[in-house]
Amino acid sequence: MSAQRDMKEKNPWHTPVTIIFSVIGVIAIVALVTVAVLQNRPLPQKYKYGIVLDAGSSHTALYIYEWPAEKDNNTGRVEQTLSCKVDGPGISSYASAPWKAGKSLTKCLEQARQKVPVKRHSETPLYLGATAGMRLLNLEDSSASTKVFQAVEEALQKFPFSFQGARILSGQEEGAFGWVTVNYLDDRLEQNLQTRGALDLGGASTQISFVSDNFDGSDSPDNAVAFRLYGNDYNLYTHSFLCYGKDQALRKTLAQQTKSGPGTILDPCFHPGYTETKNYSVLYDSPCVSDRKPQGAPATFNHTGKGNFSRCQEVVKRIFNFTECKYSQCSFNEVFQPRLQGPFGAFSAYYFVMNFLNLTDTSIPLEVVTERLSRYCATPWNQVKEQHPGVKLKYLAEYCFSGTYIVTLLTKGYNFTSENYPNIKFIKKIKGSDAGWTLGYMLNLTNMIPAEAPDSPPLPYAGYVSIVTVIALLLFVLFIFSLRPLWPRCSKHPQII
Ligand SMILES: O=c1[nH]cnc2c1ncn2[C@@H]1O[C@H](COP(=O)(O)OP(=O)(O)O)[C@@H](O)[C@H]1O
Ligand SMILES: [Ca+2]
C-alpha cells in the first residue's frame with residue numbers, strides 16, 4: 001500500500017514544470033483555434049444599392065441591384081434584389097399626356113423606397129434609360145419626347161434617391177450593355193472565359209452583339225465597341241435594328257400586305273378563325289411604316305387569320321432586304337456582320353415567345369421547330385383560346401407571327417444554321433438577375449467593373465489561417481522538445497524504497 005502511494009507521489013508528470021507547460025500549451029491551442037474561428041466568422045453583410053428603370057417601347061420595368069458594401073469590384077457580386085413592372089404602356093405612348101408617364105412610375109418607386117434601407121436612400125443612384133420606343137418618338141416628334149422626359153424626371157426627383165438622369169440609350173449601348181450583363185452574370189469576364197453573344201428582341205428594336213475573331217472594327221466602325229475589363233480587351237461587334245423589334249416587325253409585315261389598301265387582309269401569320277376590325281391609322285402610326293401608307297385606303301380593315309407558317313415566313317422575309325451588301329458579308333439591310341462565333345444567349349421577347357411555344361430547348365432540330373410552328377399556326381383560333389385561358393389575348397393572337405419572325409430573323413437575318421442553332425440558349429434570368437441591358441448599364445456608370453484585374457493575395461484567407469495554425473502548433477511542439485533537459489527523469493521501473 002505504502003509503496004503504491006509513494007509511486008503515485010513520485011509520478012514525474014506531476015512535477016510543477018510539466019504541469020505549467022501543459023497548461024500553457026492548452027491555453028495556446030485554445031487561443032489559436034478561437035482566433036481562427038472568430039476571424040473566419042461570417043460578418044453581418046452591409047449592402048449598397050442601385051436602381052435602373054428600363055423604359056422600353058411596350059412597358060417600363062424597375063430593377064434594384066445590391067452588392068456587398070465592402071467589395072464593389074468582385075465579379076458576380078452584384079445581384080438583382082427586386083423587379084417591378086410598371087402598370088400601363090411604355091413612356092413613349094404618353095406623348096399626348098406626358099404627366100401620365102411620370103405618374104405611371106410612382107408605384108414601383110414606392111416599392112423601391114420600401115426595399116432600400118432608409119439610411120442608404122440618398123446614396124442610391126437612380127437611372128432611367130429609354131430604348132427604341134423613345135428613339136422612334138424622338139424621330140417623329142422631338143418636342144413630345146422632350147416633354148415626356150421632363151415629366152418623368154420631375155416624378156423621379158420626388159423620391160429620396162440620388163437621381164442620375166433620364167436619357168435615350170443608343171442602339172450600340174443597348175446591345176453592348178446587354179452583352180456585358182450576360183457575361184458578368186456568367187462570371188466570364190473576370191475569369192477570361194469565352195464570352196457569350198447577346199440577342200435581345202424588344203418591341204421596337206432588336207440587338208445582336210458578339211465577339212468574333214475576324215472582327216476588329218476596321219470593316220465597320222459603327223458596329224464596334226471596345227472594352228477593357230479585368231485586364232482583358234474585347235472588340236465587340238454590335239448592331240441594333242430599329243423597327244425590327246417584334247411589334248414594329250408585325251406592323252411592317254401587315255403593311256406589306258396592305259399596299260393597295262384592301263378592306264380585308266387574309267393574314268397567314270394569324271390563326272384560322274381569327275378576325276378583327278382594325279384601324280389603318282393605328283397600323284401606320286409609326287415612323288417604321290408611315291411611308292407605306294396606301295393612298296385612299298378605307299378607315300378600317302378586316303384582319304383575318306389564315307394560319308399558314310410557310311406563307312407567313314414568305315411575307316416576313318419581305319421586310320428584310322437581302323439583295324445589297326457592300327461588305328464582305330452582311331446580315332440584312334446592308335448591315336455588316338462578321339462570322340457568328342461562340343455561344344449566344346437570347347432574352348427578352350425571344351424568351352417569352354419561345355417559352356410559350358415550348359421551343360426553348362435548342363437541341364430540338366430546326367426542321368422540328370418549323371414543323372411544330374406550322375402545326376401551331378394552323379390551329380384554329382377558338383381552340384388556341386380554349387387551350388390557354390389565362391394568357392393575354394393580344395399576346396396569344398401574335399405568338400404564331402412572333403415565333404415565325406424569330407425563326408426567320410435568326411436563320412435568314414443573322415444566318416444561324418442547323419449546325420450553330422444549338423449554340424443559342426433562350427434565357428430569362430441568370431443566377432436570379434434578369435438578362436437585359438440594365439445591369440450592364442449600371443455597372444458601367446458606377447465604374448463597378450475595373451479595367452485592370454485587381455491584385456489578389458497569393459493565398460485565400462482560410463488557407464492562410466490554416467497554415468499559420470499548423471506552423472504555430474509545430475513551433476509549440478518543438479519548443480516543448482527543446483525543454484527536454486528540464487523534463488523530470490522517468491524510469492520504467494521505479495525503485496521502491
Ligand atoms: O409575356 C409576354 N409574352 C410575349 N411577349 C412579351 C411578354 N412580355 C413582354 N413581351 C414583349 O417583349 C417586348 C419587350 O420590348 P420592350 O418594351 O423592351 O421594347 P424595346 O426594347 O424595343 O424598347 C415587347 O414586344 C413585348 O410585347
Ligand atoms: Ca427592351
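Cβ from N, Cα, C; glycine included.
Feature annotations, reproduced from TrEMBL:
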- 12-38: transmembrane segment (TRANSMEM)
- E174: active site, proton acceptor (ACT_SITE)
- G203, A204, S205, T206, Q207: ATP binding site (BINDING)
- 461-483: transmembrane segment (TRANSMEM)
Long-range Cβ neighbours of the transmembrane segment (461-483) (under 8 Å; 6 or more residues past either end): 17, 21, 25, 28-29, 32-33, 36, 39-40
Distance [Cα-Cα, Å, rounded] between T206 (ATP binding site) and E174 (active site, proton acceptor): 9
For G203 (ATP binding site), nearby residues of its own chain (Cβ under 8 Å, 6 or more apart in sequence): G56, S57, S58, G90, A132, G133, G245, K246, D247, Q248, A349
Cβ neighbours of Q207 (ATP binding site) where a neighbour is any other Cβ within 10 Å: 28
Least buried by Cβ count (within 10 Å) of the binding-site residues S205, T206: S205
Cβ-centroid neighbours of ATP site G203, A204, S205, T206, Q207, 8 Å, sequence order: S57, T131, A132, D200, L201, G202, S240, F241, L242, Y244, G245, K246, Q248
Rounded to the nearest Å - Cα separation of S205 (ATP binding site) and E174 (active site, proton acceptor): 10
The residue listed as 'active site, proton acceptor' and Q207 (ATP binding site), Cα-Cα, nearest whole angstrom: 7
Pairwise Cα distance for A204 (ATP binding site)/E174 (active site, proton acceptor) [Å, integer]: 13
Intrachain C-beta neighbours of E174 (active site, proton acceptor), sequence separation six or more, cut-off 8 angstroms: T131, A132, D200, S205, Q207, S240, W437
Cβ neighbour count within 10 Å of A204 (ATP binding site): 28
Of E174, G203, A204, S205, Q207, recorded positions neighbouring ligand 1, Cβ under 6 A: G203, A204, S205
